[in-house]
Structures are given as C-alpha cells and as structure tokens.
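As given in TrEMBL:
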type: ACT_SITE; residues: Ser66; note: active site, acyl-ester intermediate
type: ACT_SITE; residues: Lys69; note: active site, proton acceptor
type: ACT_SITE; residues: Ser130; note: active site
type: BINDING; residues: Lys255; note: substrate binding site
type: DOMAIN; residues: 309-413; note: domain 'Peptidase S11 D-Ala-D-Ala carboxypeptidase A C-terminal'
type: SIGNAL; residues: 1-28; note: signal peptide
Amino acid sequence: MMYKKMRKPLTIFFSVILLLLSPLSSLAATSGIPFDSLAQAAIAIDADSGQIFYEKNSQEPLPIASMTKLISFYLILEAIHNGELSWDETMTINEHLYELSHNTELSNVFLAQNHHYTIEDLFDAAEKVSANAAIIALSERVAGSEVAFVDKMREKVEEWGIHDAYLISTSGINNEDAKGQIYPGSGPNEENLMSARDMALVIYHLIHDFPEILDDTSQPTALFAEGTPEEVVLESTNAMLPGMAFETPGVQGLKTGTTELAGTNFAGLISRDQRRVITVVMHVEEYDEDTGKRFEETQNLMNYALDDWEQRPIVEPDAIYQEATTDYGTKPKVTLHYQKGPVYWLPKNQSVQTEFVPDEHKWTKNNTLKMPVQQSEVVGHAVIKLPGTAKETLFDQTESVSIPIYAGETIKPLPFLQKIVKKTQVFFQRLF
C-alpha cells in the first residue's frame, strides 16, 4: 500500500533527474523538419520493419487504377512458384482481349489473336507499360476467368488483413472501359478501391515473398515478343528509373496508376545506403493534367524518409542512467544502467519523453534504494514514449517502450552499529 502513495513523487523525481542527466536528454531538440505531401493520400514506410515515416489520409479507400496490378503480379508469381505456370509457356488471345488491347485510350500493347505469347512477354507488357489486356489474359490463364482471379485477389488481401478494399478487376480499369466484362454486382462506372496504407502492405508482401519482381521493376525497358513480328521495346511508365525524366538513384519500382477517377498515382520503392523505403502517393494530379508531379511528390517523400529519419537504439545498451542514493549501504551511491533497448527509426533531433517507474519493493519513500542490491539486479523501468509515427508500423502500434534499469554493482547494507551511527549523524544534520 505504501507504493501507491510514493509512486507519484518518485515518478516526478526520477523524470526530472532523467531529463537532466540521461543520455537521452541530448535528443531534446526541436522536432523534425515539417513535411506535407500534395497528394490526396500518401504514405512512406520502412520496407523491412513496416514502420511508418509519414502518412496522410492513408486509411481512406480511394481508386488505385493500375497499382491494382501489383496484387495481380503477386498471384501470378505465386502460381509460378507453385508450379501451376511457367515463364516460357505460351498462350493465345481471345477476341475480347484482342479488341481491348486495341483501345488506344487505355494502356496496352497491341495483341494479335493468332500469335502465341509467352507468359513472360505478357507479364513484361503489364509490368512495363501497364498493358491491361495482357494482365487480364494472365489472370484468365491462372484462374480460368477474370472473375475467378478477382476472387483470388480478394482472398489474398483478406489474408493480409486488408478488409476494406473493393476489388472488381485484375487491371484497375474502370468498368465503363471493360467492354461489358465486369465483376458480378459491380456498377457500370466503378473501379478498384484501396487505401494508401493497404497498398503499402501489398507492396511489402510482394517484395518480401517474391523479391525477384525487382529484377523487372528496376529496369527501364524490356523487349516484348523478341524475334517475332510482334517484337517491340517496352519503355516503363515509371519515370524515376535510369534514363527517365525523373531519374532517381536507387529507385527499384514499382507501379504507376492513372484513371479519370483515380487521377495520377505511384507506388514506389527506393534502396539507398542499405535502407529501403516504400512510398505510395494517390491522386496527385487529375488524369488529364499529368505533368509528372506524382514522381516529384514521390521524390519528396523518399527524401523525407531517408534524410530526416535515422535508425538508432532508444538507449545504448548498458548506458548509465544515473546515480542513486543507497539506503544506508556500504557505499552512499550506486550507478544505475539501462538494459538493451529496441532499435527504432526516429526523426532526427526528435525529443523523447521518459518516465521512471520504480520497483515498489526496492525503493524507500525517501527515494533511496533499499539494501542490499546485487549487480545487474533490476530496480525499475524507464518508460519511453515514442514520438509521432515512430510508434506505429503497418502491423501494430506501440505508444511506449519499457526498458529495465539495473544496478551496476553489488552493495551491502551497513553493519547494525554503523547504521545507528549514520542515522544519528543524519538526524543531527537535519536539526542544524
């Protein structure tokens, strides 16, 4: 019961001491540089931990246009890995897809009905120039029909914990452009919807489960239907790749998306200095006013994540926390240390709020450490509140981190007579 009375003054006491003496106090500067994206929705995350660096309106489902194809790519690669499909298999194109591929208002490569296309050719066409007929052809090959493939897409994103996406096509085109082949129950002018956050999660799974996708998405060109009358060089719609208008060193992909409803979108991945960052920007410009701002916004977002954040331990292992007064120990002071804490991405120069929570059984009401104490004995915890988006990943949220504080050496209590003498000295010192 004593602990409930003493916890508040102890907490205040040690919070003040920690801010004054702890190594963490060196972090108490102004917050990181303010950043805001011009996109309607945006997110930037660490590609390995999923930690969020920035998000804006990231949980609202919005039209995703051809970023949809990233989900389709996942399922196609999964089919290949499962032995259900191979890159060198060939297939022909039905009349519906032949007509769709010749719609010049959509992204496509012209497909011929009697030509045998390899799975790899159609995949390259969908990946490089966002060819809609090509990705639908692949979906039909994998699942038997586009509708069945969409069902697989829905199942897959549910498996990933994505519950508010609306998926009705494998390509991302609007139903009004689908020439009557639409998902049952969907409206005539509808298209796929997903949030920026969920799209980042799609990318996370794609690049972790099938890292070979980056061999394709990092290349600015591919040769389609090589050695046939249909041969053509495909130039990526990703203008951030080498030799492109918005070339950015380290960019490895991934996918543009543009429709009237979606505006201009881009899902990006950059690798620099052994760091990888996933970005998504949605509806940066109207579809008919595309000046490349989606790539500029992506550059800004990538630079913010790479330049304004740093990975560091919350505290250095075994770093000195402070000295504590012993309660009539053989030494008047004992040095307290942090145990090893977790590593986080934190904004540079970001202040960190810290609170000490003592072990109720090991401290007196006068804020002295009870004796005896053993070396490495835990005497309390430093609770560190994480700032801003540093507390959140795609998978969970952590408001604070608790790090054990331990004694640096063994100290025994004073012998009985010495303790009496010491208490007497303290008594008279307080009198005078």
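Here the Cβ of each residue, glycine as well, is placed from N, Cα and C on the backbone.
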*Calculate the distance in Å between the alpha carbons (Cα) of the residue listed as 'active site, acyl-ester intermediate' and Ser130 (active site), and round it to a whole number.*
7
_Long-range neighbours only, meaning 6 or more apart in sequence with Cβ under 8 Å: which ones does Lys69 (active site, proton acceptor) have?_
Ala126, Glu127, Ser130, Ile135, Thr170, Ser171, Gly172, Lys255
_Summary of DSSP states over the domain 'Peptidase S11 D-Ala-D-Ala carboxypeptidase A C-terminal' (309-413), given as helix, strand and coil counts_ = 4 helix, 54 strand, 47 coil
*What count of other C-beta atoms do you get within 10 angstroms of the C-beta of Lys255 (substrate binding site), across all chains shown?*
30
*Summarise the model's confidence over the domain 'Peptidase S11 D-Ala-D-Ala carboxypeptidase A C-terminal' (309-413) as a mean pLDDT value.*
88
_Can you tell me whether DSSP puts Ser130 (active site) in helix, strand or coil?_
coil
*What is the number of other Cβ atoms found within 10 Å of the Cβ of Ser130 (active site)?*
28
*Ten-angstrom check, please: count other Cβ atoms within 10 Å of the Cβ of Ser66 (active site, acyl-ester intermediate), all chains counted.*
28
